[in-house]
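This report refers to the structure that appears directly beneath it.
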Amino acid sequence: MNIKQFIQALPKAELHVHIEGTFEPELMFEIAKRNHIAIPYENVDAVRQAYDFHNLQSFLDIYYAGAGVLLHEADFYDLTRAYLERCREDNVVHTEIFFDPQTHTARGVAFETVINGIVRACREAGQQWGISTRLIMCFLRHLSEESAFETLNQALPYKEHIIGVGLDSSELGYPPSKFERVFAQARTEGLLTVAHAGEEGPPKYVYEALDLLHVRRIDHGVRAEEDEALMARLIAEQMPLTVCPLSNLKLKVFTEMKKHNLRRMLQRGVLVTVNSDDPAYFGGYMNRNFEALAEALDLSAEEIKTLCANSFRASFLSEAEKEEWIRKIESFHVE
Ligand code: ADE
Ligand code: ZN
């Protein structure tokens, strides 16, 4: 078995994927056409050529524009269904999916439309393919606290479908502290919390996510390495980092994959996981992320197994479910 086959064979959980970031140009054209919305590109190749980013904001501008063609429940269903099909191909057996309601409600799409489409696709993937799913609702940090509160209130009637809340969008200049109160309210409602921090932002934002938002995981967190005390804390608390290698490369967080710090953090005992973030924009789903890392950092089979086991350890599955998947992973041997 070569490394690629080994990655394919191992069961994996994905903990950091934005459903709007799984929107492939082919489906975008199809949905735009049926919704009678014009796309400012000739064809799918032209769209892909525009995916040349120099930082997070240059990506977000295109990502929000792309999501603008999603209008109906069927659109959110098709989007989610297509992502879950890719999970099945990559042997991702469990996924905790982010969605950005404000991207849609700001355009007049009802919260209900968004969540109903996503939930229906998730339910079917469970029934047909045995893929388990959870949903995490993200607040856009470049918008106001008031808008986040409004979004939380819109979500409450659908709370049974939402495991937690997260924080995404432009990081620099929008610290986690801005959302301390809305996250406190979400926790009162029984929702778990996560937050993007330390992607482009400084270690201070990671501290704020931990101390003010009481997160269960840090999304990205790669810049935590700049602060020794923070690293010691992440290791001691076994605080998971949901790292996204191809995303980091495309958004120039690292200039080349060989310079990625995931292996260094793993070897120091940080609970790091591998994820795809916005796979339609960054050139690959889960297995491509593993392959790119394994090749550039020369990961061993044992390290790949640890990363897969970490994905379940850091998930919101029950302890019994986690143990079952980890046992399966441990039973894998490379020749
Ligand atoms: N929204 C979608 N992808 C994101 C990322 N990598 N960082 C912040 N916000 C995002
Ligand atoms: Zn993200």
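Every residue gets a Cβ built from N, Cα and C, even glycine.
Taken from TrEMBL, the feature domain 'Adenosine deaminase' applies to 11-330.
For HIS16, HIS18, HIS196, ASP277, the entry in TrEMBL reads Zn(2+) binding site. Counting only residues at least six positions away in the same chain, the Cβ atoms of TYR63, ILE97, PHE98, PHE99, ASP100, CYS138, ASP168, ASP277, ASP278 sit under 8 Å from the Cβ of HIS18 (Zn(2+) binding site).
Take the CB of GLU199 (active site, proton donor) and look out to 10 A: across all protein chains shown you find 24 other CB atoms. Taken from TrEMBL, the feature active site, proton donor applies to GLU199.
According to TrEMBL, the site 'Important for catalytic activity' annotation covers HIS220. All protein chains shown were included, and the count of other CB atoms within 10 Å of the CB of HIS220 (site 'Important for catalytic activity') stands at 28.
According to TrEMBL, the substrate binding site annotation covers ASP278.
Sequence-distant neighbours of HIS196 (Zn(2+) binding site) (same chain, six or more apart, CB under 8 Å from its CB) are ARG141, GLY166, LEU167, ASP168, GLU171, ASP219, HIS220, listed in sequence order. Geometry remark: HIS16 (Zn(2+) binding site) versus GLU199 (active site, proton donor), CA distance 13 Å. Only HIS18, HIS196, in sequence order, out of the recorded positions HIS16, HIS18, HIS196, HIS220 have a CB under 6 Å from ligand 1. Following the DSSP three-state reduction, the secondary structure of ASP277 (Zn(2+) binding site) is strand.
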